[in-house]
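According to Swiss-Prot:
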type	residues	note
BINDING	Cys349, Cys410, Cys413	[4Fe-4S] cluster binding site
Amino acid sequence: MTAQTLYDKLWNNHVVREEEDGTVLLYIDRHLVHEVTSPQAFEGLKMAGRKLWRIDSVVSTADHNTPTGDWDKGIQDPISKLQVDILDKNIKEFGALAYFPFMDKGQGIVHVMGPEQGATLPGMTVVCGDSHTSTHGAFGALAHGIGTSEVEHTMATQCITAKKSKSMLIAVDGKLKAGVTAKDVALYIIGQIGTAGGTGYAIEFGGEAIRSLSMEGRMTLCNMAIEAGARSGMVAVDQTTIDYVKDKPFAPKGEAWDKAVEYWRTLVSDEGAVFDKEYRFNAEDIEPQVTWGTSPEMVLDISSKVPNPAEETDPVKRSGMERALEYMGLEAGTPLNEIPVDIVFIGSCTNSRIEDLREAAAIAKDRKKAANVQRVLIVPGSGLVKEQAEKEGLDKIFIEAGFEWREPGCSMCLAMNADRLTPGQRCASTSNRNFEGRQGNGGRTHLVSPAMAAAAAVTGRFTDIRMMA
């Protein structure tokens, strides 16, 4: 039998039918639903007189529009409130395996809530009307975002039409240095291959450095696969995966668990499996990263300087660099560790889990917010993450440092709720996109790890965390 990649196995196990041109009907195991991309899909079902094909495949929460402060005031923005209210109504009418509404303890960012509930399991196909659905590939699952029309198709038929991507292996060999996190690995990879480097591919991440990551670190890495242009990212199943899933609310139990684990252990690329493209990186080459421009690929080590467009020979790239520097208000040659920040945001589906908050708290402990930093928002990814952080006293560390301890939600990752930048504000952010206006009109976003964000909060500028005792 021909050796298969992990992607081959996941794909082949879910093909319902294949056409001559390679288009397939792909069966979907788990459908994650939130308030932004579902209203039109539910309306389409109503107009056609259809029901959900499989109610028990749907797990839902409200996240993009929910406020992260003053919950006693409810949702103030009328459009945001309308979207959340419509989701409440649609789930009540159509049903779901589980729904975590606004202000429920289980509510949170969909890509945080799903894994912590055990709704994401190895071997599954997972879709959501959100591009960062690639997060769930960390479990040895095939996960990717879909558009609103595909959300309706999944609801109505439990299938989507798709064509198989090419396969890519990105291996990071060796051990990561102290202070280097999964976020740094993700940004480094994107800096090396570019935001189009993974276009048309499904990426499997491997190598010693990847295997050493916790599940939360792997989720951060796979979350960023879409920023490298890939539709999906994944990590093979190992004991770390199995230990994380065990005893989660929706994980199999008893004999079903034993059978599931037996299957899950096969979800690795076979020896001799051939990938369409491979990259290998040395973990020791990776330093703490900071983006300087308006694309995740515009990223450098913290010890670097803002690049000079005049040194770029490609006229298209040079023009892009010039535009980015103008938007970001930066001068070529400025050391990254001399760039001051106005706002710090620690949260998002990339970096809002308990390990991320511990990482930030370790830097913030016994320190205070720098005088030039206007606000520091700490936004846990879910109510359960918030609860755990408070049990550990992390909230007190943040509050004593002068940071804001918020309620769960997508928050300042994107300007769809009350948390947003104003024109010209510079933000050290643990989110996934630094596009123009992503965090608010005219806002300037620098992507970093939680520890690097916390360091910027207490020093007032981008700082190498390895220099902080």
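Backbone N, Cα and C define each Cβ position, glycine as well.
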Listed binding-site residues (Cys349, Cys410), ranked by Cβ neighbours within 10 Å, top entry: Cys410
Number of Cβ atoms other than its own within 10 Å, given for Cys413 ([4Fe-4S] cluster binding site): 29
Residues close to [4Fe-4S] cluster site centre defined by Cys349, Cys410, Cys413, Cβ within 8 Å: Asp63, His64, Ile109, His111, His132, Gly347, Ser348, Thr350, Ser352, Gly409, Ser411, Leu414, Ser431, Asn432
